[in-house]
Ligand code: MRU
C-alpha cells in the first residue's frame, strides 16, 4: 500500500498479552493498552476502545484465551473457564454477530481439544486455543483483501464513493471491508474520490475513516452526516459502500446509526448502495432485520460527547447505535467469496451451500 506511515493495527498479540489500540483517542493520540484479562477485553469492547464487527470478534477471541490461561487443575477446569469467558464476553455488545461467531469458534475448538479422545496436555490445549485466536485474526486479513478485490470490480477510475462510519483497517485485521477497495485502488494507481460521513454521535467517520484514509494517501473528503443528500444531488457520488454488523437471512442489514438514511438517499438519487462484509457477518439464523438486537448507548454520547455539554440537562434522549436498512435498498452484498445480488434470501443461502 502506498502510504506515508504504516497502517495502525487495532489488535496486536504481544507474546503474553494483548496490545489494543485505544480507538477512542484517535486521531489525536496513538495509545496501545496492554490487556491481561477477559475483563480488560470486555471493558475495551463495551467502551469502544476496540470497535467494528470483525475487530470486536478478534479481540474477544483473545479474551477467551486470557480468561482461561491460568487454569491449573486439568482440562475439565480449563474448559469450564473457556465456557465462562465465552458467556461473559458475549455480554459486551449485542449487535455485531462477529462477536458471537468468534466466541462460538473458540468454544468449539476448546471442546475439541478437551475431548477425552485427545491426549493433549493442558499447556498444549492452551497454546492451541491461542493459535485459534491468531488464526481468526490472520484469516480476517485475507478475507478483507478478497472483499476489496471483488468490490473494486464495481468501481471505475474517478468515481465518487460515499461511506458511513468506519469499516476500515481499524475495524478489522487489515484493509477493512467497505474501505478495502479504496486501499486496493490506491495500490493499483486507480483514483477514487471518497466522501466520509462524520457519523454522529461518536464520529467514527471523522476520527477513524478520514484518519486512516488520509494516512494512506487516499483522496478523502469529510462531510457532516446531514450533507450526504446535498453531495448526492450535486452528482458527486456514484456509489455508496458501507460495512455491516449483521446481515439477516433476507438481506436486511444492521449497521451504524444513519446508514438507513444514507440508503434511502441513495435510492432517491439512483445511486447503487453496496454492503461489504465477511461471511462471518451473515447470520442465516436471524430471518429478518427486525429480529437483530440493536444496542442502545448512553445519552451522554449525544448530550455531552467529547466532554462538552451540547443539550439541556434532563432532556429525553434516544441513542440507538445501529439501524437496519431493509434489503430492498441494498444493491449488492460483497463478500470474500464474491458479490451477492438480490434475491438475497435465496442467494445468501446458496452462497453458504456452495462452501
Ligand atoms: O459502534 P461501532 O463503531 O462498533 O460500529 C461499527 C460499524 O457500524 C461498522 O460499520 C461495522 O461494524 C462494520 S466494520 C467492518
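Cβ atoms are placed via backbone N, Cα and C, with glycine included.
Note: TrEMBL annotation is automatic and uncurated.
Because the structure is a prediction, the values reported are computed rather than measured.
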Of the candidates 186, 188, 204, 354, which does TrEMBL annotate as part of the substrate site that also includes 51, 52, 53, 93, 255, 256? 204
Just to be sure I understand: of 52, 93, 255, which binding-site residues have a C-alpha no more than 10 angstroms from the C-alpha of residue 245 (active site, proton donor)? 52, 255
What does the structure give for the C-alpha distance between residue 204 (substrate binding site) and residue 165 (site 'Transition state stabilizer')? Integer Å is fine. 5
Counting every protein chain present, what is the number of Cβ atoms, excluding its own, within 10 Å of the Cβ of residue 93 (substrate binding site)? 21
Around the Cβ of residue 204 (substrate binding site), other Cβ atoms found within 10 Å total 27
So which of the recorded positions 53, 93, 165, 204, 255 sit close to ligand 1, that is, with a CB under 6 Å from an atom of it? 53, 165, 204, 255
Only counting partners 6 or more residues apart, tell me which same-chain residues put their Cβ under 8 Å from the Cβ of residue 165 (site 'Transition state stabilizer'). 197, 199, 204, 205, 209, 242, 243, 255, 256, 258, 259
